[in-house]
Amino acid sequence: MDKLLIQGGSPLHGEVSISGAKNAALPILCASLLSAEPLHVTNLPHLNDVSTMLRLIGQMGVEVTMDGSDGLILNSHDLNNPAAPYDMVKTMRASILVLGPLLARCGEAKVSLPGGCAIGARPVDQHIKGLQAMGAEIRVENGYVIAQASRLKGARIVTDMVTVTGTENLMMAAVLAEGETIIENAAREPEVLDLANCLTSMGAHISGAGTDSIKIRGVERLHGASHAVMPDRIETGTYLCAAAATRGAVRLTNTSADYLDSVVQKLREAGCDVLAEPDGIVLKAPQRLKAVNVRTEPYPAFPTDMQAQFMAINCVAEGSAVIRETIFENRFMHAVELIRLGADIKIDANNALVTGVQHLNGATVMATDLRASASLVIAGLVAQGETLIERIYHLDRGYERIEEKLTRLGASVRRVR
Ligand code: UD1
């Protein structure tokens, strides 16, 4: 199993390009299931989760071809197997995103129920309830969601909590439903808007995406389209944190500060100079960061997917700060690993009190989930001496060519076996 060996202590300097957003790419790949005409997708990140999704829709009958450049053409003309087996769903929870499109296009779907995962139970009850409100008959049998509907009907759906993939699944189901669907308490995440933009270019009628009330007027069929995936705001935020923690100065290109307000605000509070550019973002770190309090909330507030990275920067900042996780019940597993590197962190339920120390010291640590891995990379880049991060397959799910990008910024990072 691959590991990452980091020789800490070098400030990050230079320029690096940000990839397309994983969390926008995954639902957009599923949107290809909705039309018999081809969907052309560009700016797809090269990530294991993207390959898994391509394999999953491929075994349903979607033909995937390269466009001769960096994009893919997805053709679901011959969609013949509306099913997602456990083996695939268990490695990537976002596989549940095929449920809405399959049901809308094929009138049936058999999708394995995702289990819990390292960061929490993560049920999909809101996806199921919303589809039932649209007239689907759904039963859960032998670990599978088995759904049927001759044609879904528009409905007013109020979700119990803000759910990103739940909103996306229901929006994809509603675009082919009969009549109007309104999703209230919808997720406002930029990736939901990117998916809505893709669906709109396929001929869907959607208004209000990016707000908490999305209105969809169903159409008989969607047509082919071309869509470029938005930049990855979490990858962007992660490199900003890595530069901040190592007292570096970086320019990130092919990205935007537009969807990063809460993160940029916290980095400025920590003492960083952050400048938005038309095609990117520039950060210059202070000599010593100030610890900042963070509370995770749905967008536009501070993202749970940036919580672990901010814990890492607080570990070496001046003063103490509280990090409060409100989205997932078990998302502090990186804390114990950071403590192994010399961090001072006290956990009390969903609060972590982090007191900055002068130095972290390299050690062997274990990655437990995607963003936890990112926080360990940041800590390893700051720590004195060598840090070995085990189980980096989590990182490969969400960060494209991370060791190459960090090396370009002057870090000493090597993949070892
Ligand atoms: C998405 C993101 C993930 C991010 C998360 C929160 C993708 C592929 N993944 O995950 O990176 O961390 O949003 O921003 O986009 N919940 C229920 N029942 C449901 C659905 C959700 O109880 O039917 C709960 C979850 O357990 C969690 C909260 O709602 O506590 C939010 O989860 P949700 O927004 O659905 O996360 P995902 O869409 O899985």
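The chain as shown is numbered from 1 upward.
Quick reminder: no glycine exception, Cβ is built from N, Cα and C everywhere.
Taken from TrEMBL as is:
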type	residues	note
ACT_SITE	Cys117	active site, proton donor
BINDING	Lys22, Asn23	phosphoenolpyruvate binding site
BINDING	Arg93, Arg122, Pro123, Val124, Asp125, Gln126, Asp305, Ile327	UDP-N-acetyl-alpha-D-glucosamine binding site
DOMAIN	6-406	domain 'Enolpyruvate transferase'
MOD_RES	Cys117	2-(S-cysteinyl)pyruvic acid O-phosphothioketal
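TrEMBL feature annotations superimposed on the structure.
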| residue | record | Cβ within 10 Å |
| --- | --- | --- |
| Lys22 | phosphoenolpyruvate binding site | 26 |
| Asn23 | phosphoenolpyruvate binding site | 25 |
| Arg93 | UDP-N-acetyl-alpha-D-glucosamine binding site | 16 |
| Arg122 | UDP-N-acetyl-alpha-D-glucosamine binding site | 17 |
| Pro123 | UDP-N-acetyl-alpha-D-glucosamine binding site | 13 |
| Val124 | UDP-N-acetyl-alpha-D-glucosamine binding site | 19 |
| Asp125 | UDP-N-acetyl-alpha-D-glucosamine binding site | 12 |
| Gln126 | UDP-N-acetyl-alpha-D-glucosamine binding site | 20 |
| Asp305 | UDP-N-acetyl-alpha-D-glucosamine binding site | 24 |
| Ile327 | UDP-N-acetyl-alpha-D-glucosamine binding site | 18 |
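Among the binding-site residues Lys22, Asn23, Pro123, Gln126, the residues whose Cβ lies under 6 Å from any atom of ligand 1 are, in sequence order, Asn23, Pro123, Gln126. Spacing of Lys22 (phosphoenolpyruvate binding site) relative to Ile327 (UDP-N-acetyl-alpha-D-glucosamine binding site) is 19 Å (Cα to Cα, whole number).
When the Cα atoms are compared, Asn23 (phosphoenolpyruvate binding site) and Asp305 (UDP-N-acetyl-alpha-D-glucosamine binding site) turn out to be 11 Å apart. Look at Lys22 (phosphoenolpyruvate binding site): DSSP puts it in a helix. Following the DSSP three-state reduction, the secondary structure of Arg122 (UDP-N-acetyl-alpha-D-glucosamine binding site) is coil. DSSP classifies Ile327 (UDP-N-acetyl-alpha-D-glucosamine binding site) as coil under the three-state reduction.
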